[in-house]
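*Asks:* Swiss-Prot feature annotations, pasted as is:
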BINDING   413, 416, 435, 446  Zn(2+) binding site
COILED    686-877  coiled coil
COMPBIAS  524-539  compositional bias 'Polar residues'
COMPBIAS  631-640  compositional bias 'Polar residues'
REGION    326-353  region 'Nuclear matrix binding'
REGION    524-545  region 'Disordered'
REGION    613-640  region 'Disordered'
ZN_FING   404-454  zinc finger
């Protein structure tokens, strides 16, 4: 497979030092061991067993890894010893763990400086060497890997390459002769398999980094030495402040949880590792469902309590059945209390991408969202279990301190490697367990598939009553809370810093909000009106507001474009205070020596500027009357900022309907204290995590109300526009009617006084008429701008709703398409199975008829044999009977040969060359086959 470079273009070189550099990605030695185990587990090898052991060869301590998988050819071995070649694919639902084509190189070179690989695949045998020592001795500038290939007759293939590679291997490896290499190939059990030997292990203080002495059936990481306190247990870097689980320093414990559903036996130093079905070995097991927005399908999460050690808890995160992160603490487990102690969560994150060493995930947005969701789900499980157990056993120990047993007992068959569920109470199991030992007769045969799991990926397996109770309590408490909050919100004084009003140029610009948001805030506060309360004394520069104007001017926090995800910015510097005078303040009963000042305020709403003029309003009294006048002036300055002369639009107080329409159509900005109080309300609301759904539903309802109200305003705007057009038309008609035209091409004159008298019924001055006409034009322009603003809000609202509905429809379409695909696949498989069953039925009927025929022939032969035996006694027919017996024996032998060939089609393991047709062996085999066929047909 050595690629030749294009002419004139150089290949990228790989320095031998990269072997060590590449291995440094494994900061923990067991992650390097896991890479070699993964290579045996992957579907292209599909090993049933792997043996890991420590041995000594030529005074070198070595680690050996031997599996009984499919083995490799010399070309495939070359790819394995090269970098980045990974052609692993899923086979029969078995998903490969390997992704990058780098696991063997990084793992083996992390454990030791030199590695040799022996492999055979039934047709050929190969030996390959990956050695840093060899490359240093020959001073190689590129990584070279000697490979020797043998055929099944132990003869070398490709003599030119193999001789040079053989010489290099014999000189720089632990095996000095060809016979020793072949002996290692013979050490591989069976016709296929692979054996890896690693030596020159990484050492620390003249000793290897592994402890082989403390447990003769385990490989452990030595305990850390502390000169002051003495020995202390080994801890991974990320667990320096936690209790380290045994899997951190024991290879046997780590291998037992390495795979979510183990399909391969691991024999460590001669003793089988008792692998765990992690998701089944917990207590109080419940399942929850995670629905990420970035994924079209749901993800199952399993929660339970650790039965062995409550101090080992957290999330077990798997990827393609392989453990990536163990005991990752999330949610309430991160707090400095006993919440979440003992709870273990299990999730298979196939939608995340693992890092280079398969010990962590890439820190992406998807990973962060997943960790957050896991924390919320774990909090729900913890609260539910806490409430449930305290309710059932109020005087008992805390749930984390109760002695627990796994909810179920599962064991793996040593023959077929299938997992079987056992009845409760079966703790003592033999060293080797087979399906035939199963008490359940339904799963007593290795041919029977495993017990199917619950495939419900839509609903959790438990009801979150604690969450619902909190939600109901908050719903009951909310009506009592909102009036109190609104009262504080409307009458709470806010101190303003005086430097911000030193110059008109330093005034903070007003905030522009969408009309839909402001109308929602106005309605929300109007729904919870409270009677006015006495305002406490304060040095605030703001004037008192009437209850109605305060409610109208209050502003809710900013909402996102979809009205779902709310964001509040507390430290906002671009807020100012604007008081909009819509109603005349009644004249106080007692006259005060206070200057009265008319106010004019500007409201900018989405690019539309609207002006209002209110009547004079007296400043409210505070505790000190001496400073009331100055306080009033400052309050006016704070409210109106700068007095800008502008066109005055006079409001007709007599037309109440028009005033109400204007008050509702124009959305008013809010005060600073209103926004601050809304933020406090939101913080109070956010204490309950479940309130998000209710708030979302409320926002959707408010959105519908906004849309309806907007349509109403639009209709009213159109109505007023039509009325104004009618008035304009009447004015034009009056002009045409009462205009005197001169025939001498002089200017046309209009009797304005007569025109006004005709329209209004009374005499009006021309100046007043012009002002009213200008006012009408301004009113038309304002209504047009309001109309355009409302149309803009409607477009935004419709776009938000369309986006929501579109995303939901897309998600439903994807799920429905997946269901239809699965249904089609199931129907195709069902048809295939039907056809196979029909063929088997036909074959069975044919075999049954043939067996019946053979039975009758055998009975006939037996009867003829008995008759001939009785006739032998007569001396007169001795020669004839002998000849007859010879002929019958020949017939019987030929019949047995035919029966044997037929049985070979039914029983493939039957070796006809070892069958003696002169005895009744074939008859016994035929009888057994007939009995089995009858049992099968009866079942």
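Cβ atoms are placed via backbone N, Cα and C, with glycine included.
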*Asks:* Work through the binding-site residues one by one (413, 416) and point out the residue whose CB has the fewest other CB atoms within 10 angstroms.
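*Replies:* Among the binding-site residues 413, 416, the sparsest Cβ neighbourhood within 10 Å belongs to 416.
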*Asks:* So around the Zn(2+) site, 413, 416, 435, 446 aside, which residues have their CB within 8 A of the centroid of those CB atoms?
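*Replies:* So the extra residues in range turn out to be 414, 415, 417, 418, 420, 434, 436, 445.
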*Asks:* Among the binding-site residues 435, 446, which residue has the largest number of other Cβ atoms within 10 Å of its own Cβ?
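*Replies:* It comes out as 435.
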*Asks:* Work out the three-state DSSP category of residue 413 (Zn(2+) binding site).
*Replies:* coil
*Asks:* Per DSSP, residue 435 (Zn(2+) binding site) is which: helix, strand or coil?
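*Replies:* Once the DSSP labels are grouped into three classes, residue 435 (Zn(2+) binding site) ends up as helix.
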*Asks:* Reported in the order helix, strand, coil, what are the DSSP residue counts of the region 'Nuclear matrix binding' (326-353)?
*Replies:* 4 helix, 9 strand, 15 coil
*Asks:* What are the helix, strand and coil residue counts for the zinc finger (404-454) according to DSSP?
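*Replies:* Helix (H, G, I), strand (E, B), coil: 6 helix, 8 strand, 37 coil.
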